[in-house]
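Undergrad: My structure is below; once you've seen it, I'll send some questions.
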Amino acid sequence: MISSYFTIAWRSIQKNRAAAFINIAGLALGVTCAVLIYTLVSYQLSFDNFHPNANRIYRTVSLFHYETTENQPGVPQPIGKAFRNEFSFAEKTAMVNVYENALISLPGSPDKKYEETNGVAYAEPDFFDIFHFPLVQGDKQTALTQPNTALITQHLAQKYFGTENAIGKLIRFDNKRDFVITGILKNIPANTDRKQEIYLSYSNMKDKSAWLASDSSWGSVRSSMNFFMLLKPGVTAATVNAAYPGLVKKYLDKEDAKATEFLLQPLSDIHFNTDFDGSANKKYLWALGIIGVFLLITACVNFINLATAQALNRAKEVGVRKVMGSKPAQLFWQFISEAAVISFFAILVAYGIACLVLPWLNHLFTLHLSVNLFRTPIILLFLVLVWLGITFGAGSYPALLLTRFQPILALKGNLQQKHIGGFSLRRVLVIVQFSISQVLIIGAIVITAQLYYSSTANAGFDKDAIVMLPIPGGSTALQQHTLQTRLLQINGVQKVSLCYEAPASEANSYTTIQLENEPKIKPWDINQKEVDAQYASTFGLQFVAGGNFIRDDTLSGFILNETAVKKLGIAHPQDAIGKMLTTNGDNYKAPVTGVVKDFNNQSFRARIDPIALMVAPKYYRNCAIKVNSAHVQSLLAAVENIWTSTFPQHIYKYQFLEERLTRFYAWDNMMLQLVKLFACIAIFIGCLGLYGLVAFMAVQKSREIGVRKVLGATLASIVWLFGKELSLLLLIAFVIAAPAGWWMMHKYLQDFAYHIHMGAGVFVLAIAASAVVAAITVSYRSLKAARTSPIKSLKQN
């Protein structure tokens, strides 16, 4: 019986190839989007959940409570030792300190230098008892217990040493220290935030900073300094959080202890919590998931509309089957079989499209997604569930509709609209389709406008034609000065500045600041930027009071921004000049020499911080070059020659500041591209559904059209007969979509401290785009109906 259902279904599909093609195309596009979205969302949600004890792994984070709360994913270096001395909550604990963009070379092979963008991590040995990063060679219990030892991945072992055994080989980090390889790690999975492929003995961290590695460095917090623990079974994060204040009070000085709080962050939260530098945003994942569901609904609506539009064409077939003894249940399963076959082919096509599109998405967004059914069998389960959902969810209504036909009316061809289901349902379905597509259009317009605003609005500094070069760690003041002097000699180079970072950066260091002789005013956090005297002119910072640094080789003063002046309680910028400030306790003390206009020191999501510029050559890690934009390419070759001759043991690389700043909006750009793509697909699927509705109307109104033509109706008036009906549906869809789109995009814009105003133009564009596409679709099918001979129309009825 079942096989006969599918045989008949296949024959019926072959007989109605055009309708089947439209159905398969609409469903395939919807399912393709759903598969891609599911793959992306499930990949993000899988981050670091492969560790066996993931639910017991936590990271300690820092919160500093001044006038506002500053969140830091990092902790002071001594906290690991202090925690182990004070508490017994954890089975294992490990301090990890990451240095990005590490230079690795092979001793004895001067031509073998590698820039490892994932960096290196100084890690305590128990790190590998907390996290599941297995060794394929070596013993994890002893691998990093001795100084000058390292672990590398299989990938790097092959990259550095080819087929030779890497155990016992030497690697050199940052042209300073040699490490012997004592173990080989299995390649690190893509779905982890711990992407380092080189781990160094934690005891060697003193090579980078003896003070940072000491037990007295409680006053320094780096975001890359992390403290992980595997809690004992039964111990909760709340228990540890309740104990931490005692540790703070014991080890920190009185003033710092009042402002400092340590909390545990679950491993499952690290990837998503943007307050602590999480790289993904769960709100975006929710949005993508909702879009995927909407697109599936749109595809199913399209299927229902086209199936019901074809109902009249199959009326006699149903009548014959009923006369021959077919029961309603048999007819129902017959048409469900057709829906199953169509949706099966649609899913096959969708999977093929997804396989073709995925490499492009991976390349475009630097992802590692896969729809390989053997590597990710959950995708197969997802496809099966989607197939069943479409078959029964979208196929049931047309199947029930066809089984209710009265055989006598069906055989006589006297079926009317009331016999084939309410026309109002099909109207509702088209409204749903166009509401979804208009919401997506509104989203695409707003995100595009916000990203354009973020890239073109005045951020308070010059970002055009500025080339950023790295300054290698450990470089001398002489090397830095030589580089700067030689670069200025290049024709077309306008300014050169040595600094820690550009005015706006993801890497911002903070310290406490206080007016001298004002003990009643508590210290508060300020963004400290280490720069030279050419920084302000290179980046076009505008002074509103005072002037530049007096000296360029040592701290001679502070340059504040307007926000910092206000935070000090000083009404006018000029009044701040000469005021003596102390930062980081009393480590730095100098007068205010200048005040510059506010500039964005982070993305437009964050409000402008109080900022203090100060000369500190030992912290410089970037060289900013302001160049003549007309001669950029010719300049770069000369810049490279000078840089490589100054730092011959290092790898040259450069980046334009504008490119660097786009990292602020990586997720927004990804969302924009996806929303644009899905909006286009939703519109296309909606047009297929609209085509189905117009086809249904053409059948229903064929007699009316024939009569009108006999009475002299024009072609335009007959087309408008269809247009006025669908214009109303489009307007109703807009009434639903506009407030929904406004609410969603209002929530999106709330993430930005500085954002566009969502005016009426956004909504006018959305409905105009929908109206144009709908008009083209309606015109095509209605013109075909209008040109039908009235004699033929009247005969058929």
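The backbone N, Cα and C atoms fix where each Cβ goes, and this holds for glycine too.
Curation does not apply to TrEMBL; its annotations are automatic.
Worth saying up front: this structure is predicted, and the values here are computed from it rather than measured.
For reference, TrEMBL lists these features for the protein:
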- 21-243: domain 'MacB-like periplasmic core' (DOMAIN)
- 290-407: domain 'ABC3 transporter permease C-terminal' (DOMAIN)
- 677-790: domain 'ABC3 transporter permease C-terminal' (DOMAIN)
- 20-41: transmembrane segment (TRANSMEM)
- 284-306: transmembrane segment (TRANSMEM)
- 331-359: transmembrane segment (TRANSMEM)
- 379-402: transmembrane segment (TRANSMEM)
- 428-453: transmembrane segment (TRANSMEM)
- 674-698: transmembrane segment (TRANSMEM)
- 710-736: transmembrane segment (TRANSMEM)
- 756-780: transmembrane segment (TRANSMEM)
Undergrad: With pairs closer than 6 in sequence left out, are the transmembrane segment (331-359) and the transmembrane segment (428-453) joined by 3 or more CB pairs under 8 Å?
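TA: They are not in contact.
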Undergrad: Can you tell me the mean pLDDT for the domain 'MacB-like periplasmic core' (21-243)?
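TA: Here the predicted model's pLDDT, averaged over the domain 'MacB-like periplasmic core' (21-243), is 92.
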Undergrad: Residue list, the transmembrane segment (674-698) vs rest of chain: Cβ under 8 Å, 6 or more residues beyond ends.
TA: 22, 25-26, 29-30, 32-33, 37, 288, 291, 294-295, 298-299, 301-302, 305-306, 308-309, 423, 426-427, 429-430, 433-434, 436-437, 440-441, 443-444, 447-448, 705, 722, 725-726, 769-770, 773-774, 776-778, 780-782, 784-785
Undergrad: Counting only residues 6 or more past its boundaries, what in the same chain has a CB within less than 8 Å of a CB in the transmembrane segment (284-306)?
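TA: For the transmembrane segment (284-306), the nonlocal Cβ contacts are 19, 22-23, 26-27, 29-31, 33-34, 37-38, 40-41, 44-45, 339, 342-343, 386, 389-390, 393-395, 397-398, 426, 429-430, 432-433, 436-437, 439-440, 667, 671, 674-675, 678, 681-682, 685-686, 688-689, 691-693, 695-696, 744.
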Undergrad: Give the nonlocal contacts of the transmembrane segment (379-402) in its own chain as ranges (CB under 8 Å, at least six residues past its ends).
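TA: The answer is 27, 31, 34-35, 38-39, 296, 299-301, 303-304, 307-308, 311, 314, 318, 331-336, 338-340, 343-344, 346-347, 351, 371-373, 420-421.
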